[in-house]
Amino acid sequence: MDENENSQSPAPSHQYPKETLRKRQNSVQNSGGSESSRLSRKSFKLDYRLEEDVTKSKKGKDGRFVNPWPTWKNVSIPNVLRWLIMEKDHSSVPGSKEELDKELPVLKPYFISDPEEAGVREAGLRVTWLGHATLMVEMDELILLTDPMFSSRASPSQYMGPKRFRRPPCTISELPPIDAVLISHNHYDHLDYGSVLALNERFGSELRWFVPLGLLDWMQKCGCENVIELDWWEENCVPGHDKVTFVFTPSQHWCKRTLLDDNKVLWGSWSVLGPWNRFFFAGDTGYCPAFEEIGKRFGPFDLAAIPIGAYEPRWFMKYQHADPEDAVRIHIDVQAKRSVAIHWGTFALANEHYLEPPVKLNEALERYGLKSEDFFILKHGESRYLNTDDKAFEET
């Protein structure tokens with residue numbers, strides 16, 4: 001039996017085989033003055049949207065978002081079929097839980113046994129990998145969650161679609177209090193319906209959601225009240241923490257959840273700029289010129305989270321998914337002091353061997369004259385602490 005067959009659902013009471021979106025009747029009355037609003041997108045501190053040296057978001061004639069760089073090529077149905085039919089799958093994920101436990105152990109996060117330790121102070125920055133693109137980041141007196149994915153499948157149904165081969169290290173009920181969630185785009189492995197419902201059930205309007213342009217209505221229909229929807233280069237903050245700026249920055253990807261909604265929602269990365277630390281979350285992306293713009297504008301970053309998996313075959317995946325060498329180039333472009341690898345070791349979404357991404361990452365680092373501690377790998381549930389005073393990491 002697969003290890004996830006008996007795993008706890010992230011949803012409050014039952015599985016959600018389909019997206020039956022609902023809106024709470026009291027979503028406005030109980031919002032505490034923080035109900036979602038597109039007016040909240042107005043910049044309060046920084047505004048680079050009108051400058052000539054940054055790439056703005058762009059729509060095609062059909063009103064849908066497009067990638068504005070020559071590094072992009074549209075995903076076509078013939079190419080999808082060629083990939084699915086003609087290319088060999090080398091992922092080789094073992095069916096044995098014992099072998100998976102040996103190769104990709106899932107650790108119990110520190111905050112389960114010691115919840116009082118959650119929340120670093122002042123200069124500290126701690127990152128915990130919870131699988132795929134989900135990180136818990138503690139910085140500048142805030143606790144953040146990126147692209148929360150706690151369900152068994154990355155799919156509109158929990159009965160079919162890509163199934164995770166490593167369980168989440170914790171449940172949503174075991175998380176410490178989360179201040180904000182960063183969503184990069186609306187694909188099912190990054191925007192998980194059950195996880196959104198469960199987080200909203202637990203934290204309600206106290207939890208601020210930062211989402212791309214076009215996603216506000218979907219979030220509201222899920223009952224989320226405290227949602228900030230941003231375009232590229234727009235920014236906002238968490239109430240009571242206005243010294244930390246959240247900027248929605250570009251990436252090269254695409255969006256889709258249904259047959260007819262291609263690219264009606266924007267995609268992107270996040271730059272979190274605090275008085276002590278700067279954190280960059282790349283989300284899901286191919287390599288493009290945007291990262292050099294981000295590095296020049298907001299770098300250096302104390303920590304960047306950059307995807308390294310789901311990259312084969314390159315003729316098809318390179319436009320939408322960075323491979324380990326692309327990831328190192330992104331690390332350099334955004335001027336990251338350290339980076340953590342994400343988007344690997346959880347779902348088999350492409351054709352490379354499931355253990356290959358870290359190997360290829362270390363090879364790329366050596367070619368670029370970098371060390372493994374510059375761009376590091378975490379086990380599921382593992383944390384690292386970055387002290388910006390001496391730049392030393394401590395495992396937790």
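Heads up, the Cβ atoms here are built off N, Cα and C, so glycines get one too.
Feature annotations, courtesy of Swiss-Prot:
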BINDING   His185, His187, His253, Asp284  Zn(2+) 1 binding site
BINDING   Asp189, His190, Asp284, His343  Zn(2+) 2 binding site
BINDING   Lys256, Ala348  deoxycholate binding site
COMPBIAS  1-12  compositional bias 'Polar residues'
COMPBIAS  26-37  compositional bias 'Polar residues'
MOD_RES   Met1  N-acetylmethionine
REGION    1-41  region 'Disordered'
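Sequence features, as recorded in Swiss-Prot, placed on the structure.
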residue: His185; record: Zn(2+) 1 binding site; Cβ contacts under 8 Å, 6 or more apart: Leu191, Pro212, His253, Trp254, Cys255, Val265, Leu266, Trp267, Gly268, Gly283, Asp284
residue: His187; record: Zn(2+) 1 binding site; Cβ contacts under 8 Å, 6 or more apart: Ala154, Cys255, Lys256, Arg257, Asp284
residue: Asp189; record: Zn(2+) 2 binding site; Cβ contacts under 8 Å, 6 or more apart: His132, Ala133, Met149, Ala154, Pro162, Asp284, Phe347, Leu349
residue: His190; record: Zn(2+) 2 binding site; Cβ contacts under 8 Å, 6 or more apart: Ala133, Asp147, Met149, Ile183, Ser184, Gly283, Asp284
residue: His343; record: Zn(2+) 2 binding site; Cβ contacts under 8 Å, 6 or more apart: His132, Ala133, Asp284, Pro307, Ile308, Gly309, Ala310, His321
residue: Ala348; record: deoxycholate binding site; Cβ contacts under 8 Å, 6 or more apart: Asp89, Ser91, Val93, Pro162, Phe165, Tyr354
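In the shown protein chains, 25 other C-beta atoms lie within 10 A of the C-beta of His253 (Zn(2+) 1 binding site). Excluding the listed site residues Asp189, His190, Asp284, His343, the same chain places His132, Ala133, Asp147, Met149, Ser184, His185, His187, Gly283, Pro307, Ala310 with Cβ atoms within 8 Å of the centre of the Zn(2+) 2 site Cβ atoms. According to DSSP, Asp284 (Zn(2+) 1 binding site) is assigned to coil rather than to any helix or strand. Secondary structure at His187 (Zn(2+) 1 binding site), as computed by DSSP, is coil.
Take the mean position of the Cβ atoms of His185, His187, His253, Asp284, the recorded Zn(2+) 1 site; other residues of that chain with a Cβ within 8 Å of it are Ser184, Asn186, His190, Ser251, Trp254, Cys255, Trp267, Gly283, Thr285, Gln320. Taking all protein chains in view, 27 other C-beta atoms sit within 10 angstroms of the C-beta of Asp284 (Zn(2+) 1 binding site).
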